[in-house]
Amino acid sequence: MERGNQTRVGNFLLLGFTEESELQPLLFGLFLSMYMVTFIGNLLIILAISSDPHLHMPMYFFLSNLSFADICFTSTTIPKMLVNLQTQSKVITCAGCLSQIYFFIMFGCLDNLLLTVMAYDRFVAICHPLHYMVIMNPRLCGLLVLGSWCISVMGSLLETLIVLRLSFCTSMEISHFFCDLPEVLKLACSDTLVNNTTMYFMTIVLGVFPLSGILFSYARIFSSILRISSAGGKYKAFSTCGSHLSVVSLFYGTGLGVYFSSAVTSSSRITLVASVMYTMVTPMLNPFIYSLRNRDMKGALGTLLIRAVAVRDDAVKGLS
């Protein structure tokens, strides 16, 4: 790579949100608060599920993995952005940029696949309730999660490795707050046909196919719910998948928002706002959706907080 403007050889510049220094402390406080809420909220979900034997069920096993993926997904981009805002530096190394690309794609794909697995779980629970525990046995649940991890790792590795074949021009400025693969490809001087073809192919395999599986599962679920005669039975059946449906709508709604905003407008500011919804707001809201709409989760979180307060009080007594 040649020397870029204001950057050492092999470095990129993340232009971020604004050049105005007086706004950066405000953005730092806002995004730090969002990151802490996301991290603590999803961590509480994981701890509540692991500490409550009543939640050792397939649905909550998948939910704990989804929460872990959300923590990693946000930790891929937000800490670096916070450091850049605090130090007023825009530089990210080539190795750091490639790492962001790899982990962002990996955990984004993992989120997608886990939501598909959870849709299948809800399909079995509602459409085949008598065989649910037989079908969703611990071995199958483990294989579904392991398969999701393996597919995400291999797909992300493929997309990241072929970036190494590219050469870049003197302009190393990325109009984003993290190394988004499409934005990085725009800076390449060499032919990106292989990269773009691979990216679109992986989007179909790891995006469109899982979404199709989710839509098929919910089509069958809604068909089964409509055949229930009592209103109470319909409400109970729908409430078991309401939280997951809300998360799916939020995940794909914001994801499609990023895609369409970048396709219909050349404004980087609109694309940045849409990306914030996808990378920060969705993982932050997931714990609230699952805890507020799920009585078992609310009970487990309450028990966890009571235990934490009891441990704190015991520690204070021991010191006094």
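Every residue gets a Cβ built from N, Cα and C, even glycine.
Features as listed in TrEMBL:
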TRANSMEM  26-48  transmembrane segment
DOMAIN    41-290  domain 'G-protein coupled receptors family 1 profile'
TRANSMEM  60-81  transmembrane segment
TRANSMEM  101-120  transmembrane segment
TRANSMEM  140-158  transmembrane segment
TRANSMEM  200-222  transmembrane segment
TRANSMEM  243-264  transmembrane segment
TRANSMEM  270-290  transmembrane segment
For this session: Would you mind listing the long-range same-chain contacts of the transmembrane segment (26-48), meaning Cβ under 8 Å and 6+ residues beyond its ends?
Result: 17-18, 55, 63-64, 67-68, 70-71, 74-75, 78-79, 81-82, 85-86, 280-281, 283-284, 286-288, 290-291, 297, 300-301, 303-304
For this session: Could you tell me whether the transmembrane segment (270-290) and the transmembrane segment (101-120) have 3+ CB pairs under 8 A, leaving out pairs under 6 positions apart?
Result: no
Exercise. Counting only pairs at least 6 apart in sequence, do the transmembrane segment (60-81) and the transmembrane segment (200-222) share 3+ Cβ pairs under 8 Å?
Worked result: no
Seminar exercise, completed: Within the same chain, the residues 6 or more beyond the ends of the transmembrane segment (200-222) and with Cβ under 8 Å of it are 109, 112-113, 115-116, 119-120, 122-123, 126-127, 151-152, 155, 158-159, 237, 241, 245, 248, 252
Exercise. Can you name the far-off residues of the same chain, 6+ from the ends of the transmembrane segment (270-290), with a Cβ under 8 Å from a Cβ of it?
Worked result: 17, 31, 34-35, 37-38, 41-42, 44-45, 63, 66-67, 70-71, 73-74, 77-78, 175-178, 180, 243, 246-247, 250-251, 254-255, 257-258, 261-262, 297
Seminar exercise, completed: Rounded mean pLDDT within the domain 'G-protein coupled receptors family 1 profile' (41-290) lands at 86
